[in-house]
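First comes the structure, then the notes that go with it.
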Amino acid sequence: MSYLRYYNMLDDFSAGAGVLDKDLFTEEQQQSFMPKDGGMMQNDYGGIMNDYLGIFKNNDVRTLLGLILFVLALYSPPLISILMIFISSFLLPLTSLVITYCLVTQMYRGGNGNTVGMSIVCIVAAVIIMAINVFTNSQIFNIISYIILFILFFAFVMNIERQDYKRSINVPIPEQYTCNKPYTAGNKIDVDIPTFNSLNTDDY
C-alpha cells in the first residue's frame with residue numbers, strides 16, 4: 001500500500017487555507033523585513049531607463065540644478081554670482097556653497113589681504129554653523145545664522161568686485177603705444193635765430 005493512500009499531506013496545512021497575506025505577519029514584522037513601497041522604482045521601462053527616471057525620486061534633479069547654478073556662479077561677475085548662490089541655497093546647503101566658492105575663488109583669482117581675510121571669516125563661520133547644526137536642530141538658529149553668513153559672503157564678493165575694478169583701471173599700456181624716445185626741452189631747430197644785436201645797421 002502506498003504511503004499517500006493513508007496520509008494526506010494537505011491535512012497539516014488546512015489551517016492556512018483562506019488566510020490572507022496581511023494576516024500572516026503583524027505590522028511590526030512587516031516593517032522589519034517586508035519590502036517597503038516606493039523604495040525602488042518598478043521595472044516597467046527596463047534597467048537602463050529606470051536609472052534615468054530614478055533621478056526624479058531621489059532629489060537628484062534638485063542637486064543637479066543647484067550644482068549647475070553654482071558652477072555658473074564661479075564663472076560669472078561677482079554681483080551676478082551673489083544672485084546665483086542665493087538661488088542655489090534653496091537647492092543645496094548654503095554653508096557648503098560658501099566654503100566651496102571661497103576656496104575656488106582664492107585658488108584661481110587670488111586676492112589681497114582684505115579678500116583673503118574675508119574668505120577665511122566666511123569659511124570659519126560656515127564650519128561653525130555646520131558644527132552647531134549637528135547638535136541642534138533649531139529653525140530659528142538656522143535662519144539667523146544663514147542671514148549672518150550671507151551678509152559675510154556678500155561683503156566677500158564685494159571685495160572681489162572692488163579688486164577687479166582696480167585691476168581694470170590699472171591695466172598696463174602696451175609698449176607699442178608708448179613713447180620711449182628721449183625728449184629734452186629747448187630749441188629743436190638747428191639754425192641761428194637773429195636778434196637785434198646781430199643786425200648790422202652800418203650798411204644802411
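Cβ coordinates come from backbone N, Cα and C, glycine included.
Residues or ranges marked as disulfide bond in Swiss-Prot (evidence: similarity to another entry): C102-C122. Look at Swiss-Prot and you will find Y204 tagged as phosphotyrosine. As annotated by Swiss-Prot, region 'Binding to OPG125 scaffold protein' applies to 1-38. What Swiss-Prot lists as topological domain 'Virion surface' is 1-66, 161-204. According to Swiss-Prot, the topological domain 'Intravirion' annotation covers 88-139, on the basis of a curator's inference. Per Swiss-Prot, transmembrane segment is recorded for 67-87, 140-160, and the stated evidence type is sequence analysis.
Across the topological domain 'Intravirion' (88-139), the DSSP tally of helix, strand and coil residues reads 40 helix, 0 strand, 12 coil.
For C102 (disulfide bond), other Cβ atoms within 10 Å of its Cβ number 23. Counting only same-chain residues six or more apart in sequence, the Cβ atoms lying under 8 angstroms from the Cβ of C122 (disulfide bond) belong to V98, I99, C102, L149, L152, F153, F156. Within the model, the region 'Binding to OPG125 scaffold protein' (1-38) carries an average pLDDT of 57.
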